[in-house]
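Engineer: Have a look at the structure that comes next, please.
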């Protein structure tokens, strides 16, 4: 049986369009807020509102999928995100945008959970690794193309919202031509997310997803603002964000291979150390291009390696619950990161963005160095 079946290809095609819309908004919303003369802490709170929506969406989607299936859940998630996009144009203000970004966050998280769960149920233990790799490549390619779009098109609010909303709705079209079945829904008793979070042997993976959420949430939410305060134009900000994301794309395959060959614990240690080096390089302002590249290559690949570490510790039928728990952990980190970092930037210096990233990475590195064990043979390849 082919790994990349027709439902899988159509699902990933729709995801690509949705990711383009998500990337454009994640870059431009902080800039639009800054243009409305909102303070740095307000920008951070709006970013955190989006990730709060991610948290709520992650918790709700399992129930939604069980009730209405993958296809309808995907349609519903897309409509919710489209509403969050269009709502930004109804009223410009801190409180209204706080609400609409929350709505967009719910829709975005639902899209992620639906797609990831559909891929998990479509695959087997032999091809889930390839499916997950394809998923992450599509996600990062869509994000990269979204950053390039920002550098090429008008970034005015009312110019962007119509086509971004249309792009979101277009992401529904591929799934109209196929049906994604949940063939494994009744094969095993459901596993709770809480039990996965409490699993002692998977703690390094869970902690890694939290740290990854803090790092990427801060970069996505506050990096455009950091560059804006440095006098970088909106078009150039899109370019530099594309550099950051392209490094993450290029790093996926080689880092995954290295983790398989040398063990995920060793690779995680090296990755976190490189994130610290990249943050220090950004603070030195010596060469932003290579600094952003190594920061993106190491930072954007933390989540899949940490996720693979945790998934090694569970049985085959627990993989979906574990992935939900890891996405929830990532979302919590994404929620905390921009909020606390924005407050530090507001009260002290914009450089606190990279000091914060380096600090939490150092804490995780200490956790990894304390682990003297070895990476066991995987229970399932995810």
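Cβ coordinates come from backbone N, Cα and C, glycine included.
Quick paste from Swiss-Prot:
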TOPO_DOM  1-13  topological domain 'Cytoplasmic'
TOPO_DOM  35-44  topological domain 'Periplasmic'
TOPO_DOM  66-78  topological domain 'Cytoplasmic'
TOPO_DOM  123-130  topological domain 'Cytoplasmic'
TOPO_DOM  152-156  topological domain 'Periplasmic'
TOPO_DOM  178-203  topological domain 'Cytoplasmic'
TOPO_DOM  225-234  topological domain 'Periplasmic'
TOPO_DOM  256-269  topological domain 'Cytoplasmic'
TOPO_DOM  312-324  topological domain 'Cytoplasmic'
TOPO_DOM  369-382  topological domain 'Cytoplasmic'
TRANSMEM  14-34  transmembrane segment
TRANSMEM  45-65  transmembrane segment
TRANSMEM  79-99  transmembrane segment
TRANSMEM  102-122  transmembrane segment
TRANSMEM  131-151  transmembrane segment
TRANSMEM  157-177  transmembrane segment
TRANSMEM  204-224  transmembrane segment
TRANSMEM  235-255  transmembrane segment
TRANSMEM  270-290  transmembrane segment
TRANSMEM  291-311  transmembrane segment
TRANSMEM  325-345  transmembrane segment
TRANSMEM  348-368  transmembrane segment
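So where do these features actually land, and what's packed around them?
Structural biologist: Long-range contacts of the topological domain 'Periplasmic' (35-44) within the same chain, counting only residues at least 6 positions beyond its ends with a Cβ under 8 Å from a Cβ of the stretch, are 92-94, 221-222, 225, 338-339, 341-343, 345-346.
In the predicted model, the topological domain 'Cytoplasmic' (66-78) has a mean pLDDT of 89.
Under 8 Å from some Cβ of the topological domain 'Periplasmic' (152-156) lie the Cβ atoms of residues 28, 31, 234-235, 238, all in the same chain and six or more residues away from its ends.
The list of residues near the topological domain 'Periplasmic' (225-234) in space but at least 6 beyond its ends in sequence, with Cβ under 8 angstroms from a Cβ of it, reads 28, 30-31, 34, 40, 43, 150, 155, 240, 345, 350, 353.
Using a Cβ-Cβ cut-off under 8 Å and counting only residues 6 or more beyond its ends in the same chain, the transmembrane segment (14-34) has close neighbours at 42-43, 46-47, 50, 74, 78, 81, 85, 88, 92, 97, 101, 104, 108, 111, 115, 135, 138-139, 141-147, 149-150, 155, 157, 160, 164-165, 167-168, 170-175, 220-222, 224-225, 228, 234, 237-238, 241, 245.
Using a Cβ-Cβ cut-off under 8 Å and counting only residues 6 or more beyond its ends in the same chain, the transmembrane segment (79-99) has close neighbours at 18, 21-22, 25, 29, 32-33, 36, 38, 42, 45-46, 49, 53, 105-108, 110-111, 157-158, 161, 164-165, 168-169, 172.
Outside the transmembrane segment (102-122), and at least 6 residues removed from its termini, the chain residues within Cβ reach (under 8 Å) are 5, 7-8, 11, 15, 18, 22, 25, 49-58, 60-62, 64-65, 70, 73-74, 76-85, 87, 128, 131-132, 135, 180-185, 319-320, 323-324, 327, 331, 382.
Residues 10-11, 13-18, 20-21, 24-25, 28, 32, 71, 74-75, 78-79, 81-82, 85-86, 88-89, 92 of the same chain lie 6 or more positions beyond the ends of the transmembrane segment (157-177) yet place their CB under 8 Å from a CB of it.
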Engineer: Do we see three or more Cβ pairs under 8 Å linking the transmembrane segment (235-255) and the transmembrane segment (45-65), pairs being at least 6 apart in sequence?
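Structural biologist: The answer is no, given that the two segments have fewer than 3 Cβ pairs within the 8 Å cut-off.
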Engineer: State, in range form, which of 45-65, 204-224, 270-290 has the highest count of Cβ pairs under 8 Å to the transmembrane segment (348-368).
Structural biologist: 270-290
Engineer: When you scan the chain for residues with a C-beta under 8 Å from the transmembrane segment (325-345), skipping those not six or more beyond its ends, what do you find?
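Structural biologist: 40-41, 43-45, 47-48, 51-52, 54-55, 58-59, 109, 112-113, 116, 193, 196-197, 205-207, 209-218, 220-222, 225-226, 303, 306-307, 310, 352-353, 355-356.
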Engineer: Can you work out which residues elsewhere in the same chain, 6+ from the ends of the topological domain 'Cytoplasmic' (66-78), have a Cβ less than 8 Å from its Cβ atoms?
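Structural biologist: Apart from its flanks, the topological domain 'Cytoplasmic' (66-78) reaches 11, 14, 18, 57, 107-108, 110-111, 114-115, 117-118, 121, 168-169, 171-172, 175, 179-182, 185.
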